[in-house]
Structure formats: C-alpha cells, structure tokens
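Heads up: the structure comes next, in structure tokens.
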Amino acid sequence: MTHPNQTPIPELYVSDEAAAALKHEAGKLPSWDLTARQMCDLELLMNGGFNPLKGFLTEADYNGVVNDMRLTSGALWPMPITLDVSEKFAEGLEPGTDIALRDPEGVILAIMSVTDKYVPNKAHEAEKVFGANDLAHPAVNYLHNIAGPVYLGGPVKGLQAPTHYDFRGRRNTPNELRAMFKKLGWQRVVVFQTRNPLHRAHQELTFRAAREAQANLMIHPVVGMTKPGDVDHFTRVRCYEAVLDKYPSATTTLSLLNLAMRMAGPREVVWHGLIRRNHGATHFIVGRDHAGPGKNSAGKDFYGPYDAQELFKTHEDEIGVEMVDFKHMVYVQEKASYFPANEVPEGSTVLDISGTELRRRLREGLDIPEWFSFPEVVTQLRRTSPPRARQGFTVFFTGLSGSGKSTIANALMVKLMEMGGRPVTLLDGDVVRKHLSSELGFSKEHRDINIKRIGYVASEITKNGGIAICAPIAPYTATRRAVREMVEQYGAFVEVHVATSIEECERRDRKGLYKLAREGKIKEFTGISDPYEDPQKPELRVDTQDVDVDTCAHQVLLTLEGMGLIGLN
Ligand code: PPS
C-alpha cells in the first residue's frame with residue numbers, strides 16, 4: 001500500500017516537448033530577471049514544495065493570506081509568495097499578458113500569465129505577517145528596502161528547474177523524496193529544519209525525536225536564503241555530511257531545501273510544516289523561538305518563545321504533520337552523555353555552550369571541546385571562520401562633506417600598513433566618484449548606486465582577507481545597512497560616524513563647496529539642501545572639532561583591537 005507521504009503531488013512543470021515549444025515562444029515575451037529570493041520561491045512553486053499554490057499570489061489571495069492566513073479557496077497558507085517588480089517593468093504591463101521569468105544568466109525558467117497587478121500596502125503586510133512594521137526584522141527591511149513596489153500575480157508554467165552546481169546529489173524535489181520514501185518503506189518521517197551547523201546536542205535531540213515518533217529521520221536544512229550573518233550553506237552542508245555518519249545507518253537521510261526563509265516565527269513555522277508535508281514529512285520538530293529574527297528595534301524579542309509552537313498546534317490537523325517537541329539537550333559531565341534539560345539527574349554538573357559563546361571561541365581561536373561538537377564539524381567551521389585577527393574586514397566612515405572622513409581614513413590606512421599583515425585598500429568618496437562612479441550625480445538614486453558599488457568592492461576585499469576602508473558621505477541609513485549586510489557575510493563591518501557638526505564643516509569649508517551650496521550653485525548638497533541621516537548605532541562615533549587626526553585614527557585602531565580584528569603591541 002502506498003502511504004499518503006509517498007504519493008506524488010502536483011508540480012507546475014509542463015512536458016519536455018511543451019517546454020521546448022514554449023521556450024521558443026517565450027523569447028518574444030516581456031521578461032523579468034528574477035531576484036535571488038524569487039529564484040528560491042519559483043523553484044518551490046514549480047516542484048510542488050509550495051503546493052497548493054499554482055503561481056505567484058493574485059491580489060485576492062494575497063489579501064486572504066496577509067489578513068487571515070488563507071487562500072481564497074479556503075486553504076491554509078501563511079506566507080505571501082509575491083512577484084515584486086519595479087514600477088518601470090509594471091508600467092506597460094496589462095493583466096492578460098504572459099511574461100518570461102529568467103534566471104540571472106537569462107535562461108527562461110517559467111512563463112507567468114499575469115492576471116493581477118497591484119500595489120501592496122507594505123506597512124500593513126509587515127504588521128500582519130511579521131507582527132510589526134519594524135525595520136530591525138530582516139524580512140520587513142527586505143519588504144521596504146529591497147522588494148519592488150508593485151506585485152504581479154498569476155499562474156506559472158514551469159519550463160525548467162533552476163540549475164545548481166553545488167551538492168546536486170543532496171537536492172531533492174518533493175516527489176523525488178516521496179518516491180524515495182516509497183522505495184525505502186518509510187511511512188513515518190520526522191523532519192528537522194535547520195539553518196545552523198549541527199553539533200552533538202542536535203544529533204542527540206533529532207535521533208531521540210525520531211525514536212520517540214518511531215519514525216525515520218530527515219535532516220532538511222535550508223540552503224536558499226537564511227538570516228543575514230548565518231554560516232554560509234557550503235560550510236554547513238560539509239558539516240551536515242560529517243554528522244550524518246554519526247546516526248545508525250539507514251535510519252536517517254539528509255536533503256537540502258532551497259527555501260528563502262523570512263524569519264517570521266509563528267507564521268513561518270506553519271509555512272515550514274506545509275512545505276515539509278509536501279516533501280513527505282509526517283512529523284516535524286519545532287523548538288523554542290522557531291525561525292525567530294532576534295531582537296526588535298526596542299531590544300525585545302519579536303515573538304514569544306512558544307508562539308511558534310502554539311500556532312503550529314492550532315493548525316496541526318490542517319497542516320497534516322504532527323509536531324514533535326524539540327528537547328533542549330545538555331551535557332551531563334558525570335554521565336558523559338546528553339540529557340534533556342528537564343531530566344538531568346539531581347546534583348550533576350551540566351555543561352552547555354551557547355551559539356554566541358561558540359562564535360566567540362571561533363572568532364578568538366579558542367578551544368571547542370569534543371563533548372560539544374564533532375571534530376570534523378569544528379574543522380569545517382575553523383576553515384571558514386579563522387580567528388578574527390586573520391579575517392578581512394571593512395571600516396566604513398560616514399559623515400558630512402568636509403567632516404574629516406578622508407583625512408582620518410588616510411591616517412588609518414597608513415597606520416594599518418605600518419602594522420602589516422593584510423593588504424589595505426582605501427575607497428575614498430572622491431576617488432570612487434572618479435574611478436567607479438564618474439557618471440553618477442547626487443540624487444538619492446545615484447547616491448545609493450554609488451554606495452552599493454563601494455559596498456560590493458568592500459565585501460569582495462573582505463571576503464579575500466583584506467582590509468577595506470571606505471569614506472563616502474553615505475547619507476542614508478537603509479543603504480548603509482545594505483552595505484553592512486553585504487560585508488558581514490564575510491567579515492566584520494565597522495561603521496565610524498565622523499560626527500563633525502554642519503556648522504563646523506561649513507566654517508572650515510575646505511573645498512569652498514558650502515559657499516556654493518548656500519548660493520544655490522550646487523544643488524542637493526548634503527546637510528544644506530539634501531538629508532543626512534545620523535547613524536543610530538555605529539561601532540564608533542568621533543567628533544573632530546577639538547581632536548586631532550592622529551587621535552581620531554587611534555580611536556579607530558582601539559575599536560578594531562577591541563573587536564579582535566588587530567593586535568596592538
Ligand atoms: S555620497 O552621497 O556618499 O554618494 O557622496 P560621495 O560619493 O561621498 O561624494 C561626496 C563628495 O562629492 C562632493 N560633492 C558633493 N557632496 C555632497 N552633496 C553634493 N551635492 C555634492 N556635490 C559634490 C564633495 O566634495 C564630497 O566629498 P567629501 O570628501 O565628502 O567632502
């Protein structure tokens with residue numbers, strides 16, 4: 001007998017012959033280049049991971065999902081899966097038109113019949129879906145600062161799956177997994193979702209969960225998009241592969257999920273459950289603060305620790321997957337083994353290392369004990385995150401024109417070169433405008449392009465182990481944040497606000513620009529006729545008013561030393 005978790009589910013792909021014909025036709029259609037997040041969403045739409053969705057949400061479905069977690073059909077669906085586009089692309093596009101959806105190389109992956117074009121109320125979407133319209137939430141930030149302003153909705157015909165060159169053998173569609181479970185006779189499958197490397201405690205808890213549910217186990221990590229700052233998926237998958245050997249063979253499998261997470265806590269967990277049901281799961285491990293985004297702008301958690309578990313429980317029948325409680329496992333020294341935290345024998349010594357502590361130990365090159373993790377996992381993590389003093393980093397000065405950014409940046413560069421050890425590149429505002437951005441002016445749009453170019457170069461330098469020093473005005477908070485996220489994938493980002501007042505900058509007027517700006521001869525001049533948004537939480541703020549350049553540069557060095565990025569002798 002074939003069990004419900006083993007029967008095929010609908011996909012949105014057309015036949016190979018139809019795809020070949022449609023591809024030919026699609027060359028003439030208006031075409032949209034998919035963003036990284038849309039690539040992930042489209043893949044799961046096409047392969048049935050987002051079943052019952054048949055395409056990107058129409059306006060009616062979007063409203064139902066945002067307000068009540070339901071499609072117009074009545075089906076439970078908590079997450080808006082929308083095709084956000086630019087105003088320019090949406091402008092000439094009438095509902096009833098077909099468009100081609102292309103990957104970054106221009107390959108046509110799907111055709112979408114646009115039935116709806118609508119402008120969402122993003123503040124409302126943020127409140128309802130993420131619980132707060134607060135930019136400290138990564139998905140709210142994405143919604144306001146990265147996603148396009150117009151949404152297109154309509155059914156999708158899949159022509160071909162996105163190509164992945166990494167870990168191909170570990171990527172499975174829902175139907176591939178269902179067929180595999182059928183072949184293996186796995187009727188009960190407990191899934192563990194993760195975006196972090198696995199250590200011994202995870203191995204213990206997942207195996208215990210599988211035993212309690214009398215099920216087989218599938219480790220199903222997200223390799224699409226996770227929280228900015230997470231360990232990259234290449235490293236993580238190497239770690240998962242090492243841990244897989246530690247389970248009794250034939251009980252456990254590993255499969256990679258190309259999902260773009262939203263970190264939406266309670267709604268996210270319901271969504272994860274539905275996606276896992278599609279992938280053949282019958283049980284799903286849900287822990288404390290599942291898919292939590294961290295702290296909000298007031299320093300409080302976005303969601304209560306058990307909100308996700310409660311919402312999942314409320315909808316468990318409809319999701320069709322049973323929730324398995326995640327047991328927090330701790331190491332008991334006297335017994336040399338792991339126990340659930342609430343079953344620790346009285347009077348024993350409990351050892352635990354938090355995520356923050358682990359990152360500190362990696363950063364500082366300190367010991368990571370064997371009771372905590374497997375040596376193979378630690379080796380992989382150390383390969384990717386050498387101690388901070390050997391990683392690249394970016395120092396990003398921001399401040400008004402004439403505030404002293406370039407002068408301090410130059411002094412800092414020389415001091416770092418004197419210390420030696422890593423190559424140093426200075427991306428000064430004026431220099432960048434000459435070599436990288438000569439065609440740009442000072443509108444918000446052009447300033448943003450300019451800063452993102454600087455951010456891109458700085459992130460590449462950081463990735464390759466060098467030091468990038470940037471010194472543009474960078475007047476907008478959101479753009480500085482985008483650069484921070486780019487760089488922090490690879491190393492530290494040190495924001496230095498050169499907080500010289502506008503009065504002082506104007507008094508100095510070293511380039512004579514303030515006078516011209518006052519006379520109206522230079523338009524959109526920062527601080528005079530254009531905004532400058534002060535950084536709220538820079539790593540360092542310096543005021544140059546009564547302090548000389550040497551001292552300012554030294555303050556930066558002390559900050560770098562405090563962060564473990566350099567060693568001061
Ligand atoms: S931005 O906003 O970050 O893209 O600006 P940036 O690339 O740092 O360029 C700033 C330098 O350009 C000169 N300049 C102006 N600055 C501000 N507003 C207007 N309208 C403007 N026009 C020219 C100015 O010399 C800035 O150099 P610094 O070194 O900051 O004084």
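Cβ from N, Cα, C; glycine included.
Heads up, TrEMBL stuff is auto-annotated, nobody curated it.
Quick look at what TrEMBL lists:
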BINDING   GLY399, LEU400, SER401, GLY402, SER403, GLY404, LYS405, SER406  ATP binding site
DOMAIN    4-160  domain 'ATP-sulfurylase PUA-like'
DOMAIN    171-383  domain 'Sulphate adenylyltransferase catalytic'
DOMAIN    391-543  domain 'APS kinase'
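Locations of recorded TrEMBL features on the structure.
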residue	record	Cβ contacts under 8 Å, 6 or more apart
GLY399	ATP binding site	LYS405, ILE473, HIS497, VAL498, ALA499, THR500
LEU400	ATP binding site	ILE473, VAL498, THR500, ILE502, CYS505, THR526, GLY527, TYR532
SER401	ATP binding site	ILE473, CYS505, LYS511, LEU513, TYR514, PHE525, THR526, GLY527
GLY402	ATP binding site	THR500, CYS505, GLU506, ARG508, ASP509, ARG510, LYS511, LEU513, TYR514
SER403	ATP binding site	VAL498, ALA499, THR500, CYS505, THR544
GLY404	ATP binding site	VAL498, THR500, THR544, VAL549, CYS552
SER406	ATP binding site	ASP428, GLY429, ASP430, ALA471
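Checking the binding-site residues LEU400, SER403, SER406 against ligand 1, the ones whose Cβ sits under 6 Å from it are SER406. Other than GLY399, LEU400, SER401, GLY402, SER403, GLY404, LYS405, SER406, the residues of this chain whose Cβ falls within 8 Å of the Cβ centroid of the ATP site are, in sequence order, ALA471, ILE473, VAL498, THR500, CYS505. Residue environment of LYS405 (ATP binding site) contains 28 other Cβ atoms, counted within 10 Å of its Cβ in all protein chains. Taken residue by residue with DSSP, GLY399 (ATP binding site) is part of neither helix nor strand, so it is coil. As a whole-number mean, the pLDDT of the domain 'APS kinase' (391-543) in this prediction is 95.
Under DSSP, GLY404 (ATP binding site) is assigned to coil, being neither helix nor strand in the three-state scheme.
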